[in-house]
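First up is the structure itself, then whatever we jot down about it.
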């Protein structure tokens, strides 16, 4: 998605450890117009997948997931990282390691929000090593739902997450695919297709 790539080049910042900081429009301050465009693009990409529900992990996956849900007219469920006093129902849980925060979290979803006949689209802000997606796969497996696909805002194709999804035979659509960082320069897969 060219608009997203341009925004990454304009406002993103490469940090040590191959971390891309995009807090100016995605995961701290949110640009609603860009989010709407991303949600619309996800809806277009998965229009024939029979999606009945969207699943994400709090918190940075919520905005793109909600915009996709709005465009697709389906509910959005987000896995909570911290158990609240209101989260008392039977739960599906999984452990997820955060690449950027270097911590593990238990994510939880109330069982009543995932039914065996659901076709679930997983959406997240980043795909690096695939730990958040792996946690969502685990929850979907426990709920016996069909995974319609995975939608990622920004994918680092040089890390292991892509292969993790491919090994499951699940369709993956990423709006921006980063092939490498060169100092503070970001290189996209779309550059290779334009050459």
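Each Cβ is built from the backbone N, Cα and C atoms, and glycine gets one as well.
As written in Swiss-Prot, here are the features:
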BINDING   20, 27, 156  xanthine binding site
BINDING   128, 129, 130, 131, 132  5-phospho-alpha-D-ribose 1-diphosphate binding site
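All chains included, 24 other C-beta atoms sit within 10 angstroms of the C-beta of residue 156 (xanthine binding site). The record assigns 20, 27, 156 to the xanthine site; their largest pairwise CA distance measures 16 Å.
When the alpha carbons of residue 132 (5-phospho-alpha-D-ribose 1-diphosphate binding site) and residue 156 (xanthine binding site) are compared, the span between them is 14 angstrom.
Looking only at other Cβ atoms within 10 Å, the busiest spot among the binding-site residues 20, 128, 132 turns out to be 132. Nearest in space to residue 128 (5-phospho-alpha-D-ribose 1-diphosphate binding site), taking C-alpha to C-alpha distance over the binding-site residues 20, 27, 156, is 156. Calculated from their C-alpha atoms, the gap between residue 131 (5-phospho-alpha-D-ribose 1-diphosphate binding site) and residue 20 (xanthine binding site) amounts to 17 Å. Among the listed binding-site residues, namely 27, 131, the Cβ with the most fellow Cβ atoms inside 10 Å is that of 131. Of all Cβ atoms in the protein chains displayed, 16 besides its own lie within 10 Å of the Cβ of residue 129 (5-phospho-alpha-D-ribose 1-diphosphate binding site). For residue 130 (5-phospho-alpha-D-ribose 1-diphosphate binding site), other Cβ atoms within 10 Å of its Cβ number 25.
Looking at residue 156 (xanthine binding site) and residue 129 (5-phospho-alpha-D-ribose 1-diphosphate binding site), their Cα atoms lie 9 Å from each other. For the recorded site, residue 27 (xanthine binding site), the DSSP three-state label reads coil. For the pair formed by residue 129 (5-phospho-alpha-D-ribose 1-diphosphate binding site) and residue 27 (xanthine binding site), distance between Cα atoms is given as 18 Å, rounded to the nearest Å.
Between the CA atoms of residue 27 (xanthine binding site) and residue 130 (5-phospho-alpha-D-ribose 1-diphosphate binding site) there is a gap of 17 Å, rounded to the nearest whole number. A separation of roughly 16 Å, to the nearest angstrom, links the Cα atoms of residue 20 (xanthine binding site) and residue 130 (5-phospho-alpha-D-ribose 1-diphosphate binding site).
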